[in-house]
Amino acid sequence: MDDSFDIYEIKARQVLDSRGNPTVEAEVLTAGGGYGHTIVPSGASTGTFEAVELRDATEKYGGKSVLNAVSNVNDIIAQELIGEDARNQRLIDQIMLNLDGTENKGNLGANAILAVSLAVAKAAADTASLPLYKYIGGCNAYVMPAPMMNVLNGGQHAGNALDFQEFMIMPVGADSFAEAVRMCAETYQSLKKVVAEKYGKDAVNIGDEGGFAPPVKTIDEALALLLEGVKRAGYEDEIVFTLDSAASEFYDEKSGSYIVAGEKVSTDKLIDIYKEMVAQYPIVSIEDPLFEEDFEGFKIATQELKGIQIVGDDLFVTNTKRLKKGIEMGAANSLLLKVNQIGTLSESIDAANMAFRNGYSLVVSHRSGESEDSTIADLAVALNAGQIKTGAPARGERTAKYNQLIRIEEELQISKYAGKDFKVPF
């Protein structure tokens, strides 16, 4: 009997994310010498129904320390998992879910559980001498995702007046992932010059995800800026736009309306605004266009914005129960997958499979609080997701994912870049 995959040691510690906030890092060792480690990300605009990120609420780090989550790994989870076969991912995840005993992972913390879940998968892959994408996806993992690069930041990710959170470029006309990265990087530098010319050199400061955060006041102004950057780079035919409205962040529950540019706007009016934008600019995808609880509104938006990818992030929070409801209603047509929203690798894969089985596209995503950890790059390829959203081609915690994908494409030799087939990449 091969015991080389047996978990030999699990250890967690508190480290920092890209915003200087504490997060959980976990390391897993197997008896066969396999090693895996993961640093858990953290979001700024979070869905109400996300799994619980356990914070200490003490004076340290302004209440954001995660020492309790770290202790939960070292003192509780580790004791239960030592000796388990690291290849039994679903069993290991279920053991942790049983230990926690809550629907939202509020006892042990999703940050504790996820750190171990991903580190176990990495340790198993290392023991098997396989790259993570191949360990999870097998020989069928061959699709390189089209990157959605967030080059203009607003909302919770920046300090400007923009209501929408992310203005992204997606190089669907590239022939490979490496070429896609080049196109985006060149456009990013082109946009930097446009921003400097229009707003001054002091305006080329960047937001949490590496995109520029100039003093833009309107959504139309931001889109026009983006278009000029793409034109100057020479990629009008290759690059399209995607948006993350993060509409829950500017929704006023008391009045049931959205505050856009300082004015109250109804759901119908906001959908009309999206229609106007889609008609004027090369927008192919809109994430969280409406309030996270408005399944009916999402259904209408999906019907009205024909041909546009409507992505559910805060709407679904990578949760199969919420995704099932959306599928049954026809709310949205795409799932944004964030592993820390749900808290285990198994549940993340379940959500991806449910999306694909029901004709929903898939976007694997980072969080605004990231690290040098590049796990989601491997996951995007393992799932043949077709799309990945992990920030601008700037800041080390963002480029770490892009660089890993460049390596994976090189290693695969025969792969398919999703490109224009980003919705149905296989």
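All positions are counted from 1 along the displayed chain.
Placed from the backbone N, Cα and C atoms, the Cβ positions cover glycine too.
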Further Mg(2+) ligand in Swiss-Prot, beside GLU287, ASP313, within candidate set ASP237, ASP244, ASP252, ASP350: ASP244
Identity of the (2R)-2-phosphoglycerate-site residue among LYS192, LYS193, LYS389 (reference: GLN165, LYS338, ARG367, SER368, source: Swiss-Prot): LYS389
Spatially closest candidate among GLN165, GLU209, LYS338, ARG367, SER368, the listed recorded positions, to ASP244 (Mg(2+) binding site) (Cα to Cα): GLN165
Other same-chain residues whose Cβ falls within 8 Å of the Cβ centroid of ASP244, GLU287, ASP313, the recorded Mg(2+) site, in sequence order: GLN165, GLU166, LEU243, SER245, ALA246, ILE286, ASP288, VAL311, ASP314, LEU336, SER365, LYS389
DSSP-derived class (H/G/I helix, E/B strand, else coil) of ASP244 (Mg(2+) binding site): strand
Cα-nearest neighbour of GLU209 (active site, proton donor) within the listed recorded positions, GLN165, LYS338, SER368: SER368
Binding-site residues near LYS338 (active site, proton acceptor) (Cα-Cα within 10 Å), from GLN165, GLU287, SER368: none
Between ARG367 ((2R)-2-phosphoglycerate binding site) and ASP313 (Mg(2+) binding site): CA-CA distance (Å): 11
Pairwise Cα distance for GLN165 ((2R)-2-phosphoglycerate binding site)/GLU287 (Mg(2+) binding site) [Å, integer]: 10
